[in-house]
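Step one of this worksheet: look at the structure below.
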Amino acid sequence: MLLFETVREMGHEQVLFCHSKNPEIKAIIAIHDTTLGPAMGATRILPYINEEAALKDALRLSRGMTYKAACANIPAGGGKAVIIANPENKTDDLLRAYGRFVDSLNGRFITGQDVNITPDDVRTISQETKYVVGVSEKSGGPAPITSLGVFLGIKAAVESRWQSKRLDGMKVAVQGLGNVGKNLCRHLHEHDVQLFVSDVDPIKAEEVKRLFGATVVEPTEIYSLDVDIFAPCALGGILNSHTIPFLQASIIAGAANNQLENEQLHSQMLAKKGILYSPDYVINAGGLINVYNEMIGYDEEKAFKQVHNIYDTLLAIFEIAKEQGVTTNDAARRLAEDRINNSKRSKSKAIAA
C-alpha cells in the first residue's frame, strides 16, 4: 500500500499511528474530514492479520462516518480508531494509554464504543480524556435508536420499491442478532413480518426464535433465501462477488457497516440484479445521532425525532439514483459531498466578508 497516495485518494486530512512500549499499544486514528465539525468515530479492538488491514479498516470506516454525519445533518466530521490487539489481552493500562492519545488531539477526534469495546472500557478511556461518548448510563446505549433507524430505512425502501407502506406478510432475513439485530427483529415482528434469522452464536438465534417466532437458518444459508428483504446486521464486507449471485431479496437494508466489499463493483452488481440497496452509512446513522446528542446534552425525544429523518433521506437518495441513473451508493455519496461542499463554500464566503 502506498500510504500517502491511499490517504490522498480517500480524502483524509490526518492519520495518526499511535505507539507505546509501556504498555504495549499499536493504534491507528484516522480523521477523514472536519468540514462540518469535529471527527466522530468509535474505537474497535481487533487482532488484524497485518497493519495494512488495520489501516484499510480505519480509512474506510472514517470516510463512512463523514458521509454518515453529512447525510444525517449532524454537525460532525468522520473519524475512526482501531487498536491492533487481541481483545483477550485488553487491560486498563492499554485503554488509558489509548485515551491519552485521543486527548492529545484536543477534541479534533471524539470517540466511543465499537467492536470489543464495552461501556466499562469507555469509562476507563474517559479517565484520560473527556473526548469520549456513548457511555450507557447517559443515553441507554445506541442499539434501540440504531435499530429504529434501520427499521425506518426498511420502510422507506419498501415504499420506493413497491409504493407501499405496509410490511405485514413480507419475508425478511436478518443476519446477525446482536443488540441492534435483535431490536430490529422486535420492530419487524410487531409489524407481522415473517422472520428468518442467522447468527454464529446459536444461543442468540434460539432466543430470537423464542421471542419472535423466527425461523433459524445456518449462517451460510441466509444469502440464498427467497425473501423480500435482506438485513445484514453483523460484520462488513458480506456483499461481495461470492455472495451477491446467491441473493434473491429485492431489498438490502441492514445495520452492518461497510457491507459492500468493493463499493463501486458490488453496488453495480446489486443494481444489475435489480436489488435496491440502502446505503449502510445512511440507514445505520441512529448510533451517531445518539452519541452526538449525548455530547451536546442528551434529550431522548430530540434524538428519536432526528432518527426519523433517515426515512426521508433514503427516499431522497433513491430518487436521486433513479433521476441520475446511478447506484444508490453513488447517490448517497453525492448527497453527502454536496452538503460538505456547500459548508465549505459558506465558510469561504464568511472569511471573505
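Using N, Cα and C of the backbone, Cβ positions are placed for all residues, glycine too.
Per Swiss-Prot, active site, proton donor/acceptor is recorded for K80. On its own chain, K80 (active site, proton donor/acceptor) has I29, A30, H32, G41, A42, T43, D57, A58, L59, L61, S62, M65 as residues at least 6 apart in sequence with a Cβ closer than 8 Å to its own Cβ. According to DSSP, K80 (active site, proton donor/acceptor) sits within a strand segment.
With a cut-off of 8 Å between CB atoms and residues at least 6 apart in sequence, the same chain places V180, N183, A255, N284, G286, G287, N290 near T146 (NAD(+) binding site), listed in sequence order. In the three-state DSSP scheme, T146 (NAD(+) binding site) is classed as helix. Annotation comment: Swiss-Prot describes R44, D114, T146, G176, L177, G178, N179, V180, G181, K204, A255, A256, N257 as NAD(+) binding site, evidence class similarity to another entry.
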Given the binding-site residues L177, A255, and counting only Cβ atoms in the protein chains shown, which has the most within 10 Å of its Cβ?
A255
Largest inter-residue Cα distance among R44, D114, T146, G176, L177, G178, N179, V180, G181, K204, A255, A256, N257 [record-listed NAD(+) binders, Å]:
22
DSSP-derived structure type at G181 (NAD(+) binding site), helix or strand or else coil:
helix
Name the secondary structure element type, per DSSP in three states, that contains A255 (NAD(+) binding site).
coil
